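As written in TrEMBL, here are the features:
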type	residues	note
SIGNAL	1-32	signal peptide
DOMAIN	38-159	domain 'Cytochrome c'
BINDING	60, 63, 64	heme c 1 binding site
DOMAIN	216-375	domain 'Cytochrome c'
BINDING	233, 236, 237	heme c 2 binding site
């Protein structure tokens with residue numbers, strides 16, 4: 001009789017959907033193999049297993065909590081901008097991105113125009129979801145396992161893992177640490193591709209199906225978001241058409257939008273983003289980061305690659321400063337001071353940043369209202385009621 005792994009009954013389940021993967025621009029269905037229930041269940045068990053960290057204190061779910069839209073709910077002394085590692089005192093250097101909808105980023109590559117696109121992490125350094133899945137386990141600041149052999153040994157500690165891995169991947173899966181580690185990455189990626197992680201059941205999705213009516217403010221925000229005349233949102237935050245059923249609100253390309261340094265992160269040197277990726281030898285990529293998707297954006301603060309902004313409205317005001325000459329728009333509402341300078345100055349995406357007129361408060365609040373409709377159904381209770389309220 002095949003060995004099966006116990007389900008985690010305490011974890012909420014999202015509504016079902018056929019999983020999909022965005023390749024470059026247009027989403028398309030995932031291969032059927034990725035929907036294998038055994039592989040998904042194995043990946044889910046691994047995702048919640050603290051034994052895959054050196055001190056057995058941290059799992060993938062510690063920093064990617066399904067109850068908080070697969071982000072890190074722990075505030076900590078860094079204000080939630082970066083995450084605490086397995087050793088209990090080390091912090092990462094970037095804001096933890098959500099795992100939700102991460103599967104829709106295409107493999108890292110270049111468009112026909114030569115622009116870099118896709119991959120995983122803020123800098124795209126993992127080509128695919130499978131390549132990404134195991135990296136935090138080996139990262140010395142995150143889960144801190146010393147090598148693949150140690151990971152394989154931890155897996156073999158549990159007979160149910162041995163049985164499940166051999167059932168899914170064959171009897172030789174533990175032949176070498178490398179084969180076991182590769183199988184672990186495939187299992188984690190299968191779970192992260194599953195409908196439990198990316199359900200597409202937000203108010204926006206229900207609106208597309210005729211099951212939800214936007215409020216006047218939300219509808220104004222939707223029109224503004226997809227407008228070519230009044231905002232520049234869709235230049236970077238749209239992968240398909242405005243009614244695409246699997247829209248993730250990112251084109252997965254890389255831009256430098258002038259994000260200021262976050263002093264609480266503590267990095268002494270600028271974060272060069274894509275430029276520091278292995279194989280990139282192009283100074284024009286300095287300070288560029290992959291455009292994040294906007295699903296669940298209202299409940300995944302703080303924002304930007306370094307977590308420098310804590311409020312969604314601040315993010316829109318930050319973009320608006322490039323197009324407004326009003327003195328008040330040059331002030332960061334979270335600090336009461338002028339916007340700090342870009343961490344990397346010389347490679348700003350000026351064309352995209354300055355492609356729209358300035359927005360007034362009514363339109364800014366409408367955009368915030370629309371972005372809140374992108375929240376998965378199970379996280380809707382986390383959404384703040386007012387446009388100026390923090391999402392957490």
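Just so it is clear, glycine is given a Cβ too, placed from its N, Cα and C backbone atoms.
Sequence-distant contacts (6 or more apart, same chain, Cβ under 8 Å) of residue 237 (heme c 2 binding site) comprise 225, 249, 250, 251, 291, 293, 294. Each residue of the domain 'Cytochrome c' (38-159) gets a DSSP state, and the totals for helix, strand and coil are 42 helix, 10 strand, 70 coil.
Sequence-distant contacts (6 or more apart, same chain, Cβ under 8 Å) of residue 63 (heme c 1 binding site) comprise 71, 72, 83, 96, 136, 142. Cα to Cα, residue 64 (heme c 1 binding site) and residue 236 (heme c 2 binding site) are separated by 25 Å. Counting every protein chain shown, the number of other Cβ atoms lying within 10 Å of the Cβ of residue 233 (heme c 2 binding site) is 22. Taking the centroid of the Cβ atoms of 60, 63, 64 as the heme c 1 site, the other same-chain residues with Cβ within 8 Å of it are 47, 59, 61, 62, 65, 70, 72, 96, 99, 136.
Counting Cβ atoms from all protein chains shown, residue 236 (heme c 2 binding site) has 19 others lying within 10 Å of its own Cβ.
If you take every residue in the domain 'Cytochrome c' (38-159) and average the pLDDT, you get 96.
Taking the mean position of the Cβ atoms of 233, 236, 237 as the heme c 2 site, the remaining same-chain residues with a Cβ inside 8 Å of that point are 225, 232, 234, 235, 238, 249, 250, 251, 291, 294. For residue 60 (heme c 1 binding site), the same-chain residues that are 6 or more apart in sequence and have a Cβ closer than 8 Å to its Cβ are 46, 47, 48, 52, 99, 136, 188.
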